[in-house]
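For reference, TrEMBL has these:
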- 15-24: compositional bias 'Polar residues' (COMPBIAS)
- 44-55: compositional bias 'Polar residues' (COMPBIAS)
- 63-74: compositional bias 'Polar residues' (COMPBIAS)
- 109-120: compositional bias 'Polar residues' (COMPBIAS)
- 151-171: compositional bias 'Polar residues' (COMPBIAS)
- 597-606: compositional bias 'Low complexity' (COMPBIAS)
- 1-171: region 'Disordered' (REGION)
- 593-613: region 'Disordered' (REGION)
- 209-229: transmembrane segment (TRANSMEM)
- 249-267: transmembrane segment (TRANSMEM)
- 309-332: transmembrane segment (TRANSMEM)
- 743-765: transmembrane segment (TRANSMEM)
Amino acid sequence: MAAVQDWSAMPGFQPYQSQSSTRSVVPKSQPATANSAPHHRTASDVSLSSQSQPDDTVGIGRNDSSVSATSQTWLPLHGVGASVPQEDGTDAVAHENAQPASHAAKASSPGSSYRWSSFHQPPPTASFPRRPKPSPMQFEERELYSYGSPAGSSQSAFSPRNQYQHSRTDSQARLITPTISDWARTPRSPPPYISGLPRLKKWWQWRPAWVMYIFLLFGFCCALGHHLFYASLHGRIADNQLAMLRYGTILSFAAKAGFVAAVVTAFRQRLWVTVRNKLLSVGALDSLFAATDDLSALWNIEVYQKARLAMLLAALVWLTPLVIILTSNTLLVELVENVNPTLCPGVRTLNFSGDELEDFRKPTTIDGLFGLAINYWNSTSINQSAPEWYDYYTGPSDLFQATASLGIFSHQVIGAKNSSLDICGSGWNCTYTVNFVAPGYKCTEQASGVGAQVRDLGAHKAPFGTDVLLPAGNFSYIAYTSGGDYATAQLKDVWPGGMPKNMTPPFPPNLGVFRTEPLLWVGYAVRVNPGETPNNNTIPGWDSAFVPKIFACENYETAYTVDFKYEGQDQFTTVTKRDFLYPVLDTAFVPGKDANDGTNDNTTATPENNYVRPYPMSDMSTVRRYRRVATFHSIGLMLRNVINGTMTSNPISNPVTNTKALQTKLLDPRQQFFPYTNLQGLVQELFEDIILTLFSNYRLVSLVWAAKPWETTGDLKGNDTTLYPCTKSRWENRFKYIARDLWIVYSCAFLCAVVAVVLGTAAVLSNEGRLYDTRFSSIVAATRGPALEKVMWKEDRGDLPPDVRNLRVGYGLIHRASTLGVVVDDTRYPERGVWEGGEIRYGFGLEGDVRQLRNEGSLFRARS
């Protein structure tokens, strides 16, 4: 037996008035059973029309407008096995399918009619409180046949617990179209559910609930695509920057859209879980339904109290657009030096074999231009077949002197015009390293300090001492570079071209012979305290204000390793290595001793067998050796002629110069032209400037391709046959992808979306395994009917009244009466609402008009 409900506790229940006349709800054509008991209602419960039916029956097919809204009351069914009294006084026990199906169909036809038996009367002493306004229901009166079941039937939408445990009332289907039962049954027994069970879907078949996962996967794929796209741009030249950033923004927006769609879908499921389980005020419902698209909806306090998870998902929807903003800063453009080891076509080097083999009578011609030799030559005879004929050195050529002077007086190495374009190519910088053998001065310090003794350099004696330098002497700088120098005019009387005049062979044996190579003897004074140096030797402190130094330099054949670097049109050279091989001429000058050998050159040097002679011309090794020494002598001569001389600095304020060194980088103009303190190194560097400046004159016969050192370059441009290893570089705008920042942003967005999907999945399970939406049709289906029509929703000005805004509303099973005004709850299946009309409807209703139920479902066994 079912427990008897305390009806006095029901809100709005009104007491029944005792009446003498009752009507039976059992049709006359239906036979009464012995165990039946009547289901009574008093006459006050249903107010009949003043014009009654002729046969005292209520016409089922018409609307009886006299049914009082205040008289409609929920009554409990008797317990299982209860009897219903019939007209003949017998009781009939309701059995499952006791009434034939054909009779049920007939009873449900519009033309059928029934009589009412006497109604159950509650105790007359019961007292029931009145329901506060607005009343929970304003029942609408409908024709009973539209519900599809005969009056008096207590039909329940059934889901057998033992056969279909995980799926209960299909509220989604009720949301759109209420289901009408197709069978009639007694209140005790469930309908034949075998034919009414929905078809089950296989787990691999499509289900709307999977859309959340598809959106999540779509967002992740777009994020991954964004990463791969930016990774492909990393390090590339930043051309078409605007288009690349736009493509990245599209992928970022697509990823954001996927994550937002997943979160919004999960939010909607949480929304329906909330309204199905909680009663919220109308204002809170407004904010909840508008939380994802109306920022002002987020300011409602109640919605945070009643729907925390849903509002958390709404907040994620508003925060997700930050993905687009934050990921846009993960692709940058930075200035990067692009270093590319490659081959350059126009790299040149020095090979003085060209001067060793050059014949001024048959000059080298390249691209219509004569090649330039470093030396000028004289000859002893016009007849080259004469036994006394040979060529001998005269001096450096004028074009060579012009080229060397650029390196001397420019204070830097001079490069060829457009050499960077020829070697590196347009828009590129480049570096390369060349090796060659050229002359080089090897310098060593021979004395330092006042009164210091000058040491000899091998067999060479110093031409002066420290006493000529400050403070003992007057010179701040002195250089002697001509001791034993080759005499340009070897004979006093010669014909043009250097042929001896008034002289018959044999010629003097030392004519044109290199007897020695002059050394550089350089002395200079270093100021101890430049800012406090006395002006002249009459001022105290003069003797301690200077440190005299002397060094000597000898001309060596030197192996150079030089780095060339071009930046734009500028050339920079660095001698990274110099190996002094051997002296250009290994003899020692004997000062003060004249040779008296019939030439105009009275130089005497020892040993004599180390002299370098220009003959015989038939011996090419001798000729080449002679011409090589002559070339190195000419290059050294350019330096010696410039640095030779003196600088008098007493008084300091009025220096007197007798040297071209004033025009070089050896003397400091900011220190009254005193020599730089590192003068020894500067002399070597100045000589190297002369040598490296030779690279600027492509017509020199000693300038060759680095890739083909036997071939003179002339003024030609390099090609594929002259490629030489080099390293090109240039500063470029390149894309820089900061993958860490992008994945931090996307990881946060993806994690939030995953949390939202998990919450949405739980909501779907609570919503019977179905995916709910907030479309117009769904909202209309959930709010249609009389449950909400009794509320005055808008005032004249269109605003929602405050009292309406505070009404509590929920979603669930709507309490709706049939034309009899009776709605019965089936106590056997408490999750089902049983209406006398046979219709089950879910929707929104005011508090007291709706029953909220918890339901279970499955993503993989959802109802179709």
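Quick reminder: no glycine exception, Cβ is built from N, Cα and C everywhere.
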Request  = May I ask for the residues of the chain that lie six or more residues beyond the compositional bias 'Low complexity' (597-606) and have a Cβ under 8 Å from a Cβ within it?
outcome  = 459, 484-487, 489-492, 508-511, 515-516, 587-590
Query = What are the DSSP helix/strand/coil residue counts across the compositional bias 'Low complexity' (597-606)?
reply = 0 helix, 2 strand, 8 coil
Task = Can you tell me which of 209-229, 249-267, 309-332 gets the most C-beta pairs within less than 8 Å of the transmembrane segment (743-765)?
result = 249-267
Task = Go through the chain and flag residues at least 6 beyond the ends of the transmembrane segment (209-229) whose CB is under 8 A from any CB in it; none is fine as an answer.
result = 247-248, 251-252, 254-259, 261-262, 265-266, 327, 739, 742-743, 746, 749-750, 753-754, 757, 760-761, 764, 769-771, 859, 862
